[in-house]
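Features of the protein shown, as given by TrEMBL:
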DOMAIN    B:6-88  domain 'ACT'
ACT_SITE  B:D227  active site
4 protein chains.
Amino acid sequence: MAHSYRLVVSCPDQVGIVSRVSGFIAAQGGSITEANQHSDLATGRFFMRYEIRFASSVDDEILRIAFAPIAETFSMDWAFHDTQRRKRIVLMVSRASHCLVDLLYRWKAGELDCDIPCVISNHEDLRDLVEWHGIDFHHIPVPAADKTHAFEETQQRIEAARADAVVLARYMQILPPSLCERYADRVINIHHSFLPSFAGARPYHQAYERGVKLIGATCHYVTQELDAGPIIEQDVHRISHCHTAQDLVRFGRDIEKTVLARGLRWHLEDRVLIHGNKTVVFA
Amino acid sequence: MAHSYRLVVSCPDQVGIVSRVSGFIAAQGGSITEANQHSDLATGRFFMRYEIRFASSVDDEILRIAFAPIAETFSMDWAFHDTQRRKRIVLMVSRASHCLVDLLYRWKAGELDCDIPCVISNHEDLRDLVEWHGIDFHHIPVPAADKTHAFEETQQRIEAARADAVVLARYMQILPPSLCERYADRVINIHHSFLPSFAGARPYHQAYERGVKLIGATCHYVTQELDAGPIIEQDVHRISHCHTAQDLVRFGRDIEKTVLARGLRWHLEDRVLIHGNKTVVFA
Amino acid sequence: MAHSYRLVVSCPDQVGIVSRVSGFIAAQGGSITEANQHSDLATGRFFMRYEIRFASSVDDEILRIAFAPIAETFSMDWAFHDTQRRKRIVLMVSRASHCLVDLLYRWKAGELDCDIPCVISNHEDLRDLVEWHGIDFHHIPVPAADKTHAFEETQQRIEAARADAVVLARYMQILPPSLCERYADRVINIHHSFLPSFAGARPYHQAYERGVKLIGATCHYVTQELDAGPIIEQDVHRISHCHTAQDLVRFGRDIEKTVLARGLRWHLEDRVLIHGNKTVVFA
Amino acid sequence: MAHSYRLVVSCPDQVGIVSRVSGFIAAQGGSITEANQHSDLATGRFFMRYEIRFASSVDDEILRIAFAPIAETFSMDWAFHDTQRRKRIVLMVSRASHCLVDLLYRWKAGELDCDIPCVISNHEDLRDLVEWHGIDFHHIPVPAADKTHAFEETQQRIEAARADAVVLARYMQILPPSLCERYADRVINIHHSFLPSFAGARPYHQAYERGVKLIGATCHYVTQELDAGPIIEQDVHRISHCHTAQDLVRFGRDIEKTVLARGLRWHLEDRVLIHGNKTVVFA
């Protein structure tokens, strides 16, 4: 039975990497069905992503042991991802439902190849919607006075769910540094502005006040510095003087939905490689 | 012979404005060929722009005198613009030619309904191109040590040209406050970023460093605060990790050209009304 | 208590329309909060839409009787729409859920100001989803051999629902001429191509075969000629050689959703005026 | 001294191609600075493009002889392009100058890495502009009664110019089959509609009549069937009921310029691979 892997590599650039890696794959009987490479001239770093199909089932462990010497030669950060193993994604939401409705639709329609073990929210509002999809819903209130316990419980839920990644689908709370660090490069946020413009609170109202002619949304990995992590995807929508701040919020919901869905899909397919505070996206 | 005017009004909103203005125009025998209105709910201010065609020639002065009482009743800021009187636009450039080539092409092709009495530059590079179009070229160097004389000469040239407006088509020098004030609401700049992101110097390099996924350009009126004036138009272009800062500069040239050309065209057609630090654009 | 109407007019263009209409509204104590006008030079037809707010409640009937003489003078097609009376929209779907999920989300979130008395489908698949939203679901199979009875029942359901309009949210059946005629200008369809390209069946596959670089979707009013009615809205999405026909279908779902939602919203707000086989959209 | 090549390959897909090709390049001391691959699942064809840098100068002939056995093994269509050898491009125009002005600006600014031995036109109008850029201008009238001689002279001019490709920058004449065949896959046209919509004459007027909400332009290779060749690039611009057919023409000029410039640039950089009636564009 056919078996597919994704090989993702980043390492210092030098002559011969592609030759060695593609030679290895051919030797293992693998066929490269999609290939992406990028050489960053500014930093001298090389990035690659291969989709590889083997005609019959392959043992992960053997593949990894066989590849390790090549990886060492080139000082690679690397991973083989078995495409049959679906990533486990925990969604976190607050009260606004648009991103959640959108992600659950896509998940149900097969556009997002992942499991969703649970949804965590600081409000009860979206329980019905989540449970209608057959997904567990955990209500963890986050009292302004003391958020410590809430985030401890949150972390326990995430770990109990054996989450590969966490998606903040308009969660509206700032995660504590410990959680950011514990899930570094694995927490995806949607920010409702075209970053770096209008970081922080009420970005649509900031945009309205400034009189910009396009508004946007940004999907990025969460780091300890607010709204400053590596950007995965962005998009914009044209507005005019006719539109109120409320209209901006409404248009923005549509951008947020599509930008987050694209960013998550790419993450699930191992298309996003982090490079310092930037990303390489093999979309 | 038919004669067209544009009436542009802004005033506090109240019942009856449209009725009174349109009644006045009908009484004068004018036909409204294009009408735009906007009520800003946040500030209670009303904006309108009418294109009016009279079957035969009309005397400006009589029109203005007849309208004055209505304007006073409603505390209007207002103007009748005779469409037969072409605005006089002075272009200012540095070394980069892309915006200049684009504006001169459009001007020659009849897309920009204005006269261009002269082009002012702090470098000699673009003299040939300008003079090939039959336009005067003034080279006014701006020495870093003392710019006072340069800007005095600049202001004299602008005044001698009887300029209605000045376009900074990638001029790359900061105008002195006196000039900003003298030509308030009449100096149009193209900034090579999606403001308010990346204000100031080398915006494409800032965008490259931040790892954004779209870059942009902004056409705005110049105020004394750098890159902070009312925005007329903006647009963006998608980029990816493949692109160097140099690629961003190249893509950016295309956005700058179209955004500036659109902004200038709207200004020439009296479609841009300034409202505090924002604009109403009846495009 | 404040009361709002929308006045929608189309008539042969001539001097004095705006003056008479705005004078009438001022005389009735109405305040124009949004105004749009368009003079079509090619056909000499004039279109207008006013949003009018009255400080206190107004009797429809009196308003209409008072306006009738003006309407007659100018040979107007016209209507006053009471904004407090929500339009009744019947949705028709087949098996694909994306447009339905999207419309129901927007309806629930208050983005679509209408009632949805029922959803009609030729399949059972989407019953659960519809009923979860508290909306009636009617399953009317449409057998290939004889569709007459199905469409009779459909028409009865639509009439029983006192529908103001019908939305074909990927219904995938061609309505019979009688139904098209009965609900002329009131049946809205989403076609999954950038019309007039790729009319008819399997448009994404046609687009894939032709090798276009952008795909699109079109929201239009249904007429008896297939995919040829007045276009309300269109949009596109960039694709490349990397994408399979299946990818096109996936991207297309997102365009279809947003294009249909925009078209329906404008229809609900009386922003779409039909002009022969074209539309004037005061968006 | 460093020396760069582009290797472009298409062949039936099979295991081991990348490994063999990259192994060959590494063995020759070449470094792959940009790599693109595509496996077309529908046809089983494989496409690749490598940018290769050698630290010192390399002899073309030796490179080709060394690669030939690999090419034969995999039944490749292939070419090594020396990046130091600039392609020779003949431009053909009629009276409209917008595409020509744009291409000449980009060429002068270094955005288009090619030589332009001459411009051919059926009218005299653009001679000045062309000659100001230091380029030969040939006026070859094309009388409606008999175009044979005109196209013979055209072909002679193209051959005398040793053209690698011909760009129809709004030439407005249909090339004879003999010329299409002689320069198959090397004549690039800009069509002023979003093909396959509105093929043939006066596309903007067709679009205006149909009432579409977006207009477009298409850059494609010329084949004997009119407006039906492989599409390289397309783009669109939003319009509304406000816009006349003349406005569509004006907006269209901007789309035509950017779409043609992009298509030509990709052609010059050997990024466009023809695949039946479609293209693979490694942009």
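Cβ from N, Cα, C; glycine included.
Counting Cβ atoms from all protein chains shown, the residue listed as 'active site' has 18 others lying within 10 Å of its own Cβ. For the domain 'ACT' (B:6-88), the DSSP-based tally of helix, strand and coil residues reads 25 helix, 36 strand, 22 coil. Confidence for the domain 'ACT' (B:6-88), expressed as mean pLDDT, is 94. Secondary structure from DSSP puts B:D227 (active site) in coil.
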